[in-house]
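Written out below as structure tokens is the structure these notes cover.
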Amino acid sequence: MHKRKVLKFSLLAGILCSSMTTLALADEVSTAKVQKLIDAADAARKQAAEVGGEWRDTGKMIKKAKGLLKKGDFVAAAKLANKAAKQGHLGYEQAMSQKELKLPSYLHYE
Amino acid sequence: MKQLFRKLTLLVMTCGFIASAQATTPEEDLAAFQNFFKKRFPNVETQDYINGAYSIDPVGRENWEAIEEFPPYEPFIDEGQAMWETPFANGKTYKDCFPDGPALAGKYPHWDKDKGMVMTLPLALNNCRKANGEKPMKYKKGPINSILSYLSYESRGQVTNVVVPSDDPKALQAYEDGKKFYYTRRGQLNFSCAHCHLQNAGMILRTEILSPALGHTTHFPVYRSKWGTVGTLHRRFTGCNKQVRAKPFKAHGEEYRNLEYFLTYMSNGLPLNGPGARK
């Protein structure tokens, strides 16, 4: 009877230990993954900023994503980082499309 | 269907702007800019554009005229006068930097050939402070607004006369950069300055009438009820850029200095009437 109890306890402890290790590993993997997304978003923001095309909220989103990552909210952090990256890319594309001066057609030059 | 919608959106967005392969001179820009408003608001006298949105909004004008009976910027003028007259720690005053006196707003912005840049009044004030061992003032909020209020008040009636010297190609480049800034779409909303204050001047955005660009620079610094204080032109530039969800540039950095140069040039011929009061 005592032997069975010990076996049960060991089994339970084993499962608990392995799941904790798996969770910790999963955390590490997620942290690294989301950090990569945040880095990519920051690179996109910087690329836009270099051509004067950074949007107002991109930097704030990245900052918020970093905070969420610290708290362990990987899903929300990744979502925000992706959104910021998209803003960075769009800001850059916008600035590139505006490289040449375009005077409005309603201004009449005589 | 989705593609067709995209193409149509693009076409609508592009409509109203043409690619300018042809270079235009500042004089031609000025004529086109001011003529646009003459045609847009034929009943408004050119000189009245110094009153901003109130030149085209009779109801707002009545309220504003009532406010002007007890101008909210008056205490700032008094504070500014005290600042002008109070000696720095080294015993010198602003007068030593600006010997012609406080009525000097009409000289700014101007092209500083030696420095190779557009010199704005706030920048010149801070240069004076630095030369006298004083800490420079912040460019958007705080004491700079008091001294600017005083200097603008003393300069009332001077006529805007920005010059783009023809003997320095750098000056023309600064002007062109300012012009390019003005017509460039930016921010998440994809608007240029011109979209609101040229193309759509007089239209209502939420509850506000979009003010005409002509005369925009004559009445700064401005007491805005929204701010509850007086603010600088570059603070307003910052606010406009934020409103279209673009990251604003540094106040009195190159981008906004050149923008001020172009925008003030567009108001050449209009009298200065700062400080002003706005909603």
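Just so it is clear, glycine is given a Cβ too, placed from its N, Cα and C backbone atoms.
As recorded in TrEMBL:
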type     : residues                               : note
ACT_SITE : B:Cys240                               : active site, cysteine persulfide intermediate
BINDING  : B:Cys97, B:Cys128                      : heme c 1 binding site
BINDING  : B:Cys193, B:Cys196, B:His197, B:Cys240 : heme c 2 binding site
BINDING  : B:Arg236                               : substrate binding site
DOMAIN   : B:79-158                               : domain 'Cytochrome c'
DOMAIN   : B:177-272                              : domain 'Cytochrome c'
SIGNAL   : B:1-23                                 : signal peptide
By the 10 Å Cβ-neighbour count, the most surrounded of the recorded positions B:Cys97, B:Cys128, B:Cys193, B:Cys240 is B:Cys193
DSSP composition of the domain 'Cytochrome c' (B:177-272), residue counts helix/strand/coil, works out to 37 helix, 14 strand, 45 coil
Secondary structure split (DSSP) over the domain 'Cytochrome c' (B:79-158) reads 36 helix, 6 strand, 38 coil
One should report the C-alpha separation between B:His197 (heme c 2 binding site) and B:Cys97 (heme c 1 binding site), rounded to whole angstrom, as 36
Integer Å value for the Cα distance linking B:Cys196 (heme c 2 binding site) with B:Cys240 (active site, cysteine persulfide intermediate) is 10
Listed in sequence order, the residues of the same chain lying six or more positions from B:Arg236 (substrate binding site) whose CB sits under 8 Å from its CB are B:Phe220, B:Val222
Of B:Cys97, B:Cys128, B:Cys193, the binding-site residues lying within 10 angstroms (C-alpha) of B:Cys240 (active site, cysteine persulfide intermediate) are B:Cys193
Same-chain shell around heme c 2 excluding B:Cys193, B:Cys196, B:His197, B:Cys240, C-beta within 8 angstroms of the CB centroid, reads B:Phe191, B:Ser192, B:Ala194, B:His195, B:Leu198, B:Leu210, B:Ala213
B:Cys193 (heme c 2 binding site) and B:Cys97 (heme c 1 binding site), compared by Cα position, are separated in whole Å by 34
If you count the other CB atoms within 10 A of the CB of B:Cys196 (heme c 2 binding site), including all protein chains displayed, you should get 18
Cβ contacts within 10 Å for B:His197 (heme c 2 binding site), all chains included, total 20
